[in-house]
Amino acid sequence: MLPVLIWALVSLSLADNLDTAYPELEHYRTIYVQENGPRLSVVTEQSKVVSRRGGNATLPCKFHRDESLPPNPKLRIKWTKLTSDYLKEVDVFVAMGFHKRSYGSFHGRVYLQNSAPNDASLVITELTLEDYGRYKCEVIDALEDGTGVVSLDLQGVVFPYFPRLGRYNLNFFDAERACHEQDSVVASFDQLYEAWRGGLDWCNAGWLSDGSVQYPITTPREPCGGKNTVPGVRNYGLRDKDNRYDVFCFTSNYKGRFYYLIHPSKLTYDEAVNACQKDGAQIAKVGQMYASWKLLGYDRCDAGWLADGSVRYPITRPRRRCSPTEAAVRFNGFPDKKHKLYGVYCFKGHN
């Protein structure tokens, strides 16, 4: 005990001597204040919520105020959507007392659940493909604040895509447009990773929504990174958005009916478009075929025109002459549109 007391006295003496020798240090002392911890906390009971396009989702968020805090009618609840650019957030919804406001594409589709006085959960209705992502719940109570993050996932399917021009012809902005035209959006890395875990194997690099270029390999082989490598999602990293690759698109459930049109004869592309219109429908898009195949189990061994001028057919039950080795959407290329060799797939939307 005595050595400890001696050391303490020596330390105090040295500190006093420093103050005397260097009086200017007096202005640079750091004072540490020990608090009892945050008086406002935010809790998200689930880290991820899964829904589907056209459905609803409730993103959980609750806050707990210390009893020492006075009532605050100006307590503020703010929801934002996080982006791949960590410095940028998209405003979704703000509430302060009786004042509430929704923003952008979320206008009129979001509201607070308000199941209890401390409930800040957000309900999103009529979900779109663009709603997928991570959301931040922030509660601000005067000088106190807290945040929580929830991910919104959508049931769906990832598919590789390239246009009539051929492979490696899409810059990033072309890729966004191409997916949109096929009733889909550019897939995220997480969506591609889940598709790879589900067996997606594709040897052509494609854009993802964060601006990176990657491709999934389940069976390593020489032209696809080497046969002595391990399976995985190969990553080219972030690329110049003017560079050209394919793209991985993501789509989800739809409101409508996808079907092969029974017709007495084979059709040219223009005849196929007109035949669907006469049936009160539109020629189907690639994303609609993939969604029907993956999410609804649609199976048809007839090659048919699609809106982008490609010819494909969906097989969920592999059999002789119909994708005998695997369940897949089979691709017959982009034939001459004047060839009268194929049927047509149509889509009739439900309002």
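Glycine is treated like the rest: Cβ placed from N, Cα and C.
Annotation source TrEMBL lists disulfide bond at C203-C224, C301-C322. The domain 'Ig-like' feature in TrEMBL is assigned to 38-155. Feature annotation from TrEMBL assigns domain 'Link' to 157-251, 256-348. Here TrEMBL flags 1-15 as signal peptide.
With all protein chains in the displayed structure included, the most crowded Cβ environment within 10 Å among the disulfide-bonded residues C224, C322 is that of C224.
Residue counts for the domain 'Link' (256-348) by DSSP state, with H, G and I taken as helix and E and B as strand, are 21 helix, 28 strand, 44 coil. Secondary structure by DSSP for the domain 'Link' (157-251): 19 helix, 30 strand, 46 coil.
Averaged across the domain 'Link' (256-348), pLDDT for the predicted model comes to 97.
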